[in-house]
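The following features are taken from TrEMBL:
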BINDING   B:9, B:84, B:87, B:112, B:113, B:163, B:229, B:257  S-adenosyl-L-methionine binding site
DOMAIN    B:1-177  domain 'Tetrapyrrole methylase'
């Protein structure tokens, strides 16, 4: 059997009891190490699970998956994935490959940011499509994600915004010289995400025609940032986009971060609930009432 | 500390290691028993966790929450919730009440149908708002959920459809006579959900003006039903709404069920992935190509 096991949000204890049992009984255990990252190292996982763990980078999972699947028709092999195996990044290609090889598969689900964003107190029902914001460079500033946030926002829906993670990236120089040297991991901070969002809104406002007018605004749209969801140091911060953008970076807590652009389909209790995290509670309530039209 | 602990999707082993540790150390452990249901009984949980569990019905959680919270400033108390504590049904009111009483709270997240719907192989990014379909009665046929599915569908987004669960409901007679006798639990089957969806589409088609025209159709819209996600007996079935509606009820596996109305933002791999569950694979691929416009 080939198992895909979700490790959950934060550390070695977020695995489920079922997942833990499977890990202990597998002949080989891989850890997918490129799309997301637990806040603890491989060694701590190995000590806790009592198993050697093989790190599987993107090449291994995407192009050398046969090595992972080898023998899985006869023995049990597990691939561990932070969050849920079919969450933000699906691992359907390796399952399709297993099917071709007549290897049975089983998924052990777990929490991922896709549902743990409920930590904001916002009803998960009222989230629209999720978006990912990539790091902008000097010459590359993609902003198609803004149209998706706006699609949700026009319907009154919230948007989960996932922030870019750069793991095992090569510098241009190392890439050109074919040197397999990697940069240290980079996690997009809410500060960078907010500045890109506000800049994209401004560009859209200055270029869009009336019919495609953007209704998001830095002063009138609410957001909640999340840091280390599911850990004991979890930190949330709420405010308008502009208010949040003006906070010093340390306000938002340590990586990993995510963010929610709050839609208008809000219950007064949700405003209350998130109000404790507001950088300016009065302004939070005022925008919710006056701009969003939330009634008490 | 007041802990809200997600139990995950299916049985006693779906709790996380962290959640299990907390349960073992709490002075009192409650199980929320009205919004969702594990597929195993309280006794099995008690045996596995080695703890007595107090069942908490809706009255208890919503109006007598002070009894649950009693003493939680001094000792640890846990409320167990199937799925994730802040998933489909949020438990923010009891957390707000705990805050008022200056009781610290902590949430132990877990998988819920809101992210485990990734089992369909569809990218979670491309899901819009979720909807719940209530049982229709002879005189009460609410269908506002259809407009929400259509909002998603117009944007190319998938919709997670949660099917009604009736737990601890009283018959009209028992209600009138004030007898606290409850009907056996009822779970909406995909068959009932599909018939309500198709009927609502037909009503909308016959009454809507051109501008509000509905683009969903029973022959041209794809769906995937899910049974017992996360268990070893998990079963998925895929087809057009009409094809699925014509299947015998047992095709869909045992409760609990959920369903996805598939939007047009689809990758060919997703069609492949779900194709193995199609009641008619040729038709599945044909509709995906010709109606949805998915390119190979």
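Cβ coordinates come from backbone N, Cα and C, glycine included.
Projection of TrEMBL feature records onto the structure.
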| residue | record | contacts (Cβ under 8 Å, 6+ apart) |
| --- | --- | --- |
| B:9 | S-adenosyl-L-methionine binding site | B:82, B:83, B:111, B:112, B:113, B:116, B:229, B:230, B:231 |
| B:84 | S-adenosyl-L-methionine binding site | B:6, B:109, B:110, B:111, B:112, B:114 |
| B:87 | S-adenosyl-L-methionine binding site | B:6, B:81, B:112, B:113, B:114 |
| B:163 | S-adenosyl-L-methionine binding site | B:132, B:133, B:187, B:188, B:189, B:190, B:192, B:193, B:256, B:257, B:258, B:259 |
Of all C-alpha pairs drawn from the S-adenosyl-L-methionine-binding set B:9, B:84, B:87, B:112, B:113, B:163, B:229, B:257, the farthest apart lie at a distance in Å of 17
Which of the binding-site residues B:9, B:84, B:87, B:112, B:113 sit near chain A? With a CB under 8 A, the answer is B:9, B:84, B:87, B:112
Other C-beta atoms within 10 angstroms of the C-beta of residue B:229 (S-adenosyl-L-methionine binding site) total 23
Once DSSP output is merged into helix, strand and coil, residue B:257 (S-adenosyl-L-methionine binding site) belongs to strand
The mean pLDDT across the domain 'Tetrapyrrole methylase' (B:1-177) is 91
Simplified DSSP label at residue B:163 (S-adenosyl-L-methionine binding site) comes out strand
